[in-house]
Amino acid sequence: MPCEGCMERDNMSTGATMEFLLLGFSELLCLRVLLFLIFLVVHLVTLVGNTMVFVAVVTEPSRPPMLFFLCQLSVIELCYTLVIVPKALLSLVVVDGSTISFVGCAAQMHLFVALGGAECFLLVAMSYDRYVAICQPLHYTAVMSEGFCLRLAVACCLGAFAVALGLTVAVFRLPFCPSHRINHFFCDVPAVLHLACTQSYAPELPLLAACVLLLLLPFLLILTSYVHIAVALFHVTSSVGRGKAFSTCVSHLAITLLHYGCAIFIYIRPKSSYSPARDKVVSLVYTNITPLLYPFIYSLRNKEIKGILRKMLRRKKISQVN
């Protein structure tokens, strides 16, 4: 339902002075200190974990394509958490919520969508890597060359940046309610759209288009890759060979399910089903818990990452002894 007293002027003309109020978890006053400590610890562990994976891959002289994509994924997760979590921590410190400028809110939304979209595209690139490795092993080195992987990585970032820019511009051209109170801990798209002063479903069309480009299309491509992988594994007679081939996909499958499960629940639904309390809980998972799990999933399941980390620890022990 639209709010009363909608702004008649274009938001762009008042963007220099307009501010939004992020309510965060203002309804949980008694848990404020506990939530702050939990968020802070999770944030620090996430930064350390993703930094370790990034450093481990960068210091390795020979990097196969999957490690190259994993390195980019770690960078995306580092930026992703730095865009969202500091503002969420601030909202727990300030009793009545924290303010964010019109431009700051737009920038946060754009970076959040762009990084999330780049991760979706990157998961497609990683699934294609697994497809080539399992279905076309003899051509793997020629197909997944260093130049091709670099072009894929750049295309993932540029494509997500363009889609996010279009969505952000469309959202912040809408007239908003004069209260400007966002019942969330960051400028998420559904939370900001809830302030839109309109009765039509037209404001949801850019979000729907972005969901198709950033969520549904990449998910279908990943699904297609794994259908081909499943068919190829079905023709493998050795159960040991089948198990080894499938084990290389487990980490990617786990991350894909985590990422798309939360994103589809939040963004692919009508505006009428918006629930601030429920959305904030799900947002906590994909902005805090999911980035924390990524390095652990890959460190535990990827033999190459475990080998690189072991070499790093050995070098550290040797340097300490010397």
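Numbering starts at 1 and runs along the chain as it is shown here.
For all residues, glycine too, the Cβ spot is worked out from N, Cα and C.
Residues or ranges marked as domain 'G-protein coupled receptors family 1 profile' by TrEMBL: 49-298.
The transmembrane segment annotation in TrEMBL covers 33-59 (among others). Cβ atoms under 8 Å from those of the transmembrane segment (33-59) belong to residues 25, 67-68, 70-71, 74-75, 77-78, 81, 85, 88-89, 92-93, 288-289, 291-292, 294-296, 298-299, 305, 308-309, 312 of the same chain, restricted to positions at least 6 beyond its ends.
What TrEMBL lists as transmembrane segment is 66-89 (among others).
Per TrEMBL, the feature transmembrane segment maps to 109-128 (among others).
The transmembrane segment feature in TrEMBL is assigned to 148-172 (among others).
Distant neighbours of the transmembrane segment (207-234): 113, 116-117, 120-121, 123-124, 127-128, 130-131, 134-135, 160, 163-164, 166-167, 171, 189-190, 193, 242, 245-246, 249, 253, 256, 260, 263-264, 267-268; these residues of the same chain sit at least 6 beyond its ends, with a Cβ under 8 Å from one of its Cβ atoms. According to TrEMBL, the feature transmembrane segment maps to 207-234 (among others).
Taken from TrEMBL, the feature transmembrane segment applies to 246-269 (among others). Outside the transmembrane segment (246-269), and at least 6 residues removed from its termini, the chain residues within Cβ reach (under 8 Å) are 116, 119-120, 123, 126-127, 130, 133-134, 188-190, 207, 210-211, 215-216, 219, 222, 226, 229, 233, 279, 282-283, 285-286, 290, 293-294, 297-298, 301-302.
Counting same-chain residues at least six beyond the ends of the transmembrane segment (281-300), those with a Cβ under 8 angstroms from any Cβ of the stretch are 39, 42-43, 45-46, 49-50, 52-53, 70, 73-74, 77, 80-81, 84-85, 88, 184-186, 188, 251, 254-255, 258-259, 262-263, 265-266, 306, 309. Annotation source TrEMBL lists transmembrane segment at 281-300 (among others).
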